[in-house]
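Q: Sharing a structure with you now.
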Amino acid sequence: MASAQRHSTPDLVRQRDPAGVSGLSLGLTSSEFAGLHEGAVPDVTYRELFFPHADPPRRLQNWARSRGVRLRTLTRIGRDQGGRSEKMLFGLHDGYAVESVLIRRFDGHTACISSQVGCAFACRFCASGQAGLMRNLEAGEIVEQVVRLGPKVNRIVFMGIGEPLNNYQQVLKAIRILRDRQGMNFPTTGITLSTIGIPKALKQLREEHLAINLTISLHATTQEVRDRLIPGARKHPLGEVVERACAWARRHNRPVTFAYLVLPGINDSIADARRLAAMLRDSPARVNLMRWNPVDGVGLQRTPDRSLAHFRTTLENALVPVVVRDTQGRDISAACGQLWLRDLKGLPVGNRPRQGRMT
């Protein structure tokens with residue numbers, strides 16, 4: 001990593017109640033909240049659980065303190081030079097801490113949130129899976145990241161630590177809680193779920209009544225190259241991933257975005273661009289081209305501007321909608337692929353990335 005922050009966070013402690021207040025409140029829909037046994041939660045309305053965002057309601061804080069339960073907190077561990085991006089450390093009851101990112105825009109804020117404690121898919125270009133998968137985040141833990149990132153959040157991207165579709169039930173429950181009209185009433189059109197593409201889960205997602213945005217981390221045009229870049233996805237055929245994603249797009253009448261990380265000498269040839277164009281021809285799809293965000297110890301390189309331009313032009317000539325995506329927060333290791341699983345002191349968990357250049 002460009003800079004591994006190591007901050008003491010004494011207020012992030014192990015909770016006496018593992019579920020914590022999130023398990024009793026932020027992890028519930030309004031109907032579930034209304035059905036709680038009388039006295040289980042203080043005299044707080046469902047909406048008050050989410051507003052104001054920055055701090056939990058005082059009555060909820062006092063109630064939690066009287067029972068020896070600490071509310072999870074979000075601690076800032078980095079801010080980029082322009083002040084547009086902030087990296088946060090979200091402490092968990094079991095001693096782990098996942099990273100979230102707040103991105104400021106002129107028309108609101110974007111919350112980049114995590115869905116798992118670690119990741120099982122070991123993407124070659126990403127720091128988040130270096131320690132493997134420890135556990136899934138609960139719906140309340142997912143929702144609480146958004147709540148603590150502040151009232152100006154109007155876009156949510158599941159692009160932090162973890163594979164959202166590998167935690168399907170809790171992620172979908174979190175989205176429903178965020179959408180609940182009696183709570184945050186968050187528009188689903190402001191929610192983007194980014195996934196490597198698990199065909200079975202994509203088929204299930206197709207039947208959900210959720211008008212979210214879907215991004216598929218594709219990154220290759222052949223199974224061989226994708227298996228090298230995303231070892232955990234070897235059992236998911238590339239063609240089936242694309243087919244399921246496009247079926248979702250047709251079902252919901254909205255385009256699916258395919259993210260493509262352009263890596264020199266690996267997947268950046270004109271032949272790759274032509275294969276990608278052929279793969280997506282006449283599909284309700286668009287492409288986001290991305291540059292690699294450096295991670296310490298990973299033998300990859302950022303693609304030169306000229307190669308990226310040639311790749312983009314090839315797609316445009318084939319009439320495939322394409323943009324080059326700009327990434328915020330790279331100078332504080334808060335960009336895509338740079339988030340680490342940490343402990344409560346802010347130290348990275350698990351092994352560092354493998355040394356050496358990918359061949």
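Cβ atoms here come from the backbone N, Cα and C positions, even for glycine.
The active site, proton acceptor annotation in Swiss-Prot covers Glu99 and rests on sequence analysis. Taken from Swiss-Prot, the feature active site, S-methylcysteine intermediate applies to Cys336. If you look up Swiss-Prot, you'll see Cys119, Cys123, Cys126 marked as [4Fe-4S] cluster binding site. Among the features that Swiss-Prot reports, S-adenosyl-L-methionine binding site is placed at Gly162, Glu163, Ser194, Ser217, Leu218, His219, Asn293. According to Swiss-Prot, the disulfide bond annotation covers Cys112-Cys336. The feature domain 'Radical SAM core' is assigned by Swiss-Prot to 105-330.
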Q: Do you know offhand how many angstrom separate Ser217 (S-adenosyl-L-methionine binding site) and Cys119 ([4Fe-4S] cluster binding site) by C-alpha?
A: 14
Q: Taking Cα-Cα distance, which of the binding-site residues Gly162, Glu163, Leu218, His219, Asn293 are within 10 Å of Cys119 ([4Fe-4S] cluster binding site)?
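A: Final answer, ordered: Gly162, Glu163.
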Q: Summarise the model confidence on the domain 'Radical SAM core' (105-330) as a single mean pLDDT, whole number.
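A: Taking every residue in the domain 'Radical SAM core' (105-330) and averaging pLDDT yields 92.
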Q: When the Cα of Leu218 (S-adenosyl-L-methionine binding site) is compared with the Cα of each of the recorded positions Glu99, Cys112, Cys123, Cys126, Cys336, which one is closest?
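A: Of the recorded positions Glu99, Cys112, Cys123, Cys126, Cys336, Cys123 has its Cα closest to that of Leu218 (S-adenosyl-L-methionine binding site).
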Q: Which residue, of the recorded positions Cys123, Cys126, Cys336, has its CB surrounded by the fewest other CB atoms within 10 A?
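A: Counting other Cβ atoms within 10 Å of each of the recorded positions Cys123, Cys126, Cys336, the minimum falls on Cys123.
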Q: When you look at Gly162, Glu163, Ser194, Ser217, Leu218, His219, Asn293, which the record names as binding S-adenosyl-L-methionine, what is the longest CA to CA distance in angstrom?
A: 19
Q: Out of Cys112, Ser194, Cys336, point to the one nearest the residue listed as 'active site, proton acceptor' in space (Cα versus Cα); all of them are recorded positions in the record.
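A: Its closest listed neighbour, by Cα, is Cys112.
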Q: For Glu163 (S-adenosyl-L-methionine binding site), what residues in its own chain, 6 or more apart in sequence, show a Cβ-Cβ distance under 8 Å?
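A: Looking at Cβ-Cβ distances below 8 Å from Glu163 (S-adenosyl-L-methionine binding site), excluding near sequence neighbours, one finds Ser115, Gln116, Cys119, Ala120, Phe121, Thr195, Ile196, Ile198.
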Q: Among all the protein chains here, how many other CB atoms are within 10 A of the CB of Asn293 (S-adenosyl-L-methionine binding site)?
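A: I count 22 other Cβ atoms within 10 Å of it.
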Q: Work out how many Å separate Gly162 (S-adenosyl-L-methionine binding site) and Cys112 (disulfide bond) at their Cα atoms, rounded off.
A: 12
Q: Whole-number Å distance between the CA of His219 (S-adenosyl-L-methionine binding site) and the CA of Cys123 ([4Fe-4S] cluster binding site)?
A: 10
Q: What same-chain residues, at least 6 away in sequence, bring their CB to under 8 Å of the CB of Ser194 (S-adenosyl-L-methionine binding site)?
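A: Same-chain residues close to Ser194 (S-adenosyl-L-methionine binding site) (Cβ under 8 Å, separated by 6 or more) are Val157, Phe158, Met159, Pro164, Thr215, Ile216, Ser217, Ala259.
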Q: Give the distance between the Cα atoms of the residue listed as 'active site, S-methylcysteine intermediate' and Asn293 (S-adenosyl-L-methionine binding site), rounded to the nearest whole Å.
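A: Distance between the two Cα atoms comes out at 7 Å.
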Q: Counting across all protein chains present, how many other Cβ atoms fall within 10 Å of the Cβ of Leu218 (S-adenosyl-L-methionine binding site)?
A: 27
